[in-house]
Amino acid sequence: MASLLIIVFLSHVVTYLINTIGATTVDNLLWLLYLKLPNNTSRTAVEQRRLKGEVVQLKREMKSTSSQDEFAKWAKLRRRHDKAMEEYEAKNKALGKHKGSFDLTVKSVRFFSTTGLKFFLQFWYSKTPMFELPRGWVPWQVEWVLSFPRAPLGTVSIQVWSGVCTTVVSLAGDALGVVIQSLILKMTKRGVARTSEGRPSQPMALKKEL
C-alpha cells in the first residue's frame, strides 16, 4: 500500500502548509489567481477598479472646482461622479457576491481534500495494513497498539500511520522554520556588518578634520 502511505502523508503536508500560511491567506491568493483568468468575474473586477479610479478623480476635480464661481462645471462633475459612483457600487456588490461564492467553494474543496479525505481514508481502509512489522520485532502488546483499531495484528494501521505523519510533519516543519529564521538572521547581521564597515565612524572623521 505504498500509494496509500504517500497519499496520507501528502494530505498531512498540505494540511500543515495551509494551517501555517493561514486559510484566509490561501483563499485570498486563490482569489487573486482566479481574477487573472479570462472570465466574467475578472472583467467585472477590471471594470470595478476602473470605476473606482474614475470616482476618485472626479471627486478631486469637484474639490478643486468652486460650486459658486463655476457652478455649471461643478454640477456637471457632480452628475458624472454620482453616475460613476452608482455603477461602481453595483460592480462592487456583484464582485462581493462572486467572492462569497468563490470562498465557499474553496472552503468546501479544502475541507474535502484535507480533513474529509483523512476521515474517509481512515474509515474505508481501517482494516487495511499500511505495512507489516518484522515478526517478533516488538512485544505483542506494542503490535496491538500499532494495529489499533482494526488492522491485523503485527501490522501498522492507517490511524497509527496518520498520527505518525502528523507528528513528523509538524516537527519537520517547525525545525525548518527555525533553520530559515536563523539563516535570515545571519544574513541580516552580515548585511548590517558590511554596511557599518563601508561607512567611516564619526570619531575617525573628527580626527581627520583636526
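Note: Cβ is positioned from N, Cα and C throughout, glycine not excepted.
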Same membrane side per Swiss-Prot: L33 vs I180: yes
Tally of residues which DSSP labels helix, strand or coil - the topological domain 'Lumenal' (132-155): 7 helix, 2 strand, 15 coil
Residue distribution over DSSP helix, strand and coil in the topological domain 'Cytoplasmic' (25-110): 76 helix, 0 strand, 10 coil
Intrachain residues whose Cβ lies under 8 Å of the topological domain 'Lumenal' (132-155), provided they are six or more past its termini: 126
